[in-house]
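Engineer: Could you have a look at this structure, given as C-alpha cells, before my questions?
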Amino acid sequence: MGIFNKFSFIFLVLFLALSANAEVQRHRFVIQATKVKRLCKTHNTITVNGMFPGPTLEIKNGDTLEVQVVNKARYNVTIHWHGVRQMRTGWADGPEFVTQCPIRPGGSYTYRFTVQGQEGTLWWHAHSSWLRATVYGALIIRPREGKSYPFPKPKRETPILLGEWWDTNPIDVVREATRTGAAPNASDAYTINAQPGDLYKCSSKETTIAPIDSGETNLLRVINAALSQPLFFKVANHKLTVVGADASYTKPFTTSVLMLGPGQTTDVLIRGDQPPSRYYMAARAYQSAQNAPFDNTTTTAILEYKSASCAVKKCNAPTPIMPSLPAYNDTNTVTAFSQSFRSREKAEVPTDIDESLFFTIGLGLNNCPPNFRKRRCQGPNGTRFTASMNNVSFVLPRNFSLLQAHQQGIPGVFTTDFPANPPLKFDYTGNLSRSLFQPVPGTKLYKLKYGSRVQIVLQDTSIVTPENHPIHLHGYDFYIIAQGFGNFDSKKDTSKFNLVDPPMRNTVGVPVNGWAVIRFVADNPGVWIMHCHLDVHINWGLAMAFLVENGVGELQTIQTPPPDLPMC
C-alpha cells in the first residue's frame with residue numbers, strides 16, 4: 001500500500017468511526033411576517049416559523065444539518081450559522097453577496113453542512129440588511145454519543161438570548177440612516193429571550209423566567225444577539241462560572257459579571273446556593289464610544305427558585321432582587337473579564353507565521369457629495385458616516401456573490417489587493433489629521449494560500465471616535481494571543497503573547513483605543529468575510545474578506561455549489 005493510500009485508508013477508518021453515531025437533522029425555516037406585541041404596540045415582525053426568538057436547534061458534534069429556508073416575507077433574506085466552521089461548505093455560510101445571492105421573496109434555499117469538532121453554544125441569524133434584529137435563534141452543539149461535558153453535568157440548561165428591540169420596523173431604521181448619512185436611531189429596549197422584562201411598559205406579564213432549585217447546578221448559554229450593542233450581564237447575588245465561549249471549552253473561572261459583544265456566546269454554570277427566592281438577571285449596555293447616543297435601558301429576566309414559585313404555593317411572588325450592573329463605560333471590568341479567558345487544553349497555536357497582517361479598524365466621515373442635498377448629509381458637520389479597515393471601506397457586489405465570482409472566474413466583481421498594512425502609518429489612537437477621515441470605497445479581498453499560518457493585529461483608531469469593535473471572522477475560529485491599549489508596538493508587545501493556552505473564539509472584542517492579535521491556519525478554502533458585528537458598522541463598510549485558495553485534492557477543495565443556490 002503506497003503512503004498516500006495508507007493515509008487515505010486511515011482517514012477513511014477514522015471518518016467511519018466518527019460518523020457512526022452522527023445524524024442528519026432536517027428543519028424547515030419559513031421566514032414570515034408575524035404580529036408581535038412589545039412595549040404596548042403590535043408590529044408586523046419578520047420571524048422564523050412565527051417564533052420570536054426563532055427555534056433553538058440542538059445537535060451533536062459530528063451531525064449534519066439540512067435547513068430549508070422558505071422566504072414568505074417581503075424582503076430578501078439569508079441565514080448565517082454564526083461560528084460554524086463550514087469546512088469546504090462555504091456555500092452554506094450565508095452572508096448576503098459574499099457566499100450567496102439573497103433568497104428573494106417567494107424563493108427557497110437549503111443550507112447543508114456538517115458541524116465537526118465544535119461543542120457548546122453558537123447561534124444562527126439573518127445576514128441581510130437588519131433582519132437579524134428579529135430573525136435569530138440558538139444553535140446548541142452537544143458532545144458526541146457516549147462523550148460528556150468536561151465539567152459536572154448540569155441539572156438543566158437554559159439558553160439566554162440577549163436582543164435589541166426597536167418600536168418600529170428595524171429595516172426602516174437602517175434605510176433612513178442610509179438615506180441621511182447619520183447614525184441610526186438607538187433601540188427602544190433590550191430583551192432576554194425576546195422579552196424586555198419588568199422595567200419597561202406593558203412588559204412584566206411576559207418576563208422570561210429561568211427556573212432553578214436549591215443545590216442544583218444549571219448551565220446558562222448566554223448569546224449576545226443584539227444588533228449594535230455590547231452588553232453587560234449579571235445575576236443578582238449569584239456567581240457565574242465560565243466554562244465555554246463561542247463553542248470552545250475554557251479553563252473554568254468565576255465572575256460576577258459577563259460582557260459579550262454582539263455575536264459572542266458564553267457558557268456559564270450557576271449554582272442554586274442562595275436563599276430560595278426570585279433574583280433578576282439583567283443586561284445593559286457597555287458603551288465605549290464617547291458622545292454617541294445609545295439605548296441606556298436595562299432588560300431583566302427572573303431566576304426563580306422552585307420553592308419560591310407561585311406555581312408551588314398560592315402567593316404574591318416577592319419582588320426579585322436587582323443586581324448592580326457596571327457603569328456604562330466601565331472598560332476596566334471589560335478588560336479584567338476578557339483577560340480571564342484561557343483555552344482548556346494546551347493550544348496548537350501556529351508559531352511560524354507566513355502572513356503577518358496589520359489592520360486598522362475604525363469609523364470615518366465622507367464629505368457631502370456635490371449632487372447630494374443637505375438632508376442626505378446629516379452626519380457631524382454636514383458629512384456622511386462611513387467606516388473602514390486599512391482605509392478601505394468595503395462595498396458588497398450586487399450582481400454576483402464574491403464566492404460565485406471567484407468560483408466561476410467572473411472578472412470585475414472584486415480585486416485581490418486589500419492592503420496587508422495600513423497604506424499610511426499614523427498615531428492610530430492619538431490626535432488625528434482630518435485627512436484620514438475619508439476612506440476609499442472598494443471590493444478588495446486578501447488572498448491566502450491554503451494552509452498558510454496567519455497573524456493579524458487588529459488596531460482600533462480614534463478616527464471620529466475610538467470604540468470597542470467586536471470583529472467576527474467567518475469560516476474560522478482563531479486564537480486571541482494578546483490584547484492591549486494604545487498603539488500596538490511589535491518590539492514591546494510581542495512579550496505579552498500567550499502561545500500556550502490562549503482562548504479560541506470566532507469574535508474578538510478589539511479594546512477601545514487598543515488592539516488585539518489573533519492567529520489561525522487558513523485550512524478552509526472559500527471567500528470569508530471579516531467584519532465588525534455592530535451592524536451599523538458593516539453597513540458603513542467596516543469589513544474585508546479573505547480569499548482562501550484550494551489546496552491539493554478533494555479534501556482541501558471547496559465543494560461544488562448546490563443546485564438550488566439562489567441567483568442574483
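Our numbering is plain: 1 for the first residue shown, then up by one each step along the chain.
Quick reminder: no glycine exception, Cβ is built from N, Cα and C everywhere.
All TrEMBL annotations are machine predictions without curation.
Sharing the record's features from TrEMBL:
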type	residues	note
DOMAIN	31-145	domain 'Plastocyanin-like'
DOMAIN	157-307	domain 'Plastocyanin-like'
DOMAIN	417-550	domain 'Plastocyanin-like'
SIGNAL	1-22	signal peptide
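Help me see these features in their spatial surroundings.
Structural biologist: For the domain 'Plastocyanin-like' (157-307), the model's average pLDDT works out to 97.
According to DSSP, the secondary structure content of the domain 'Plastocyanin-like' (417-550) in residues is 13 helix, 56 strand, 65 coil.
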Engineer: Summarise the domain 'Plastocyanin-like' (31-145) as counts of helix, strand and coil residues per DSSP.
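Structural biologist: Per DSSP, the residues of the domain 'Plastocyanin-like' (31-145) fall into 6 helix, 58 strand, 51 coil.
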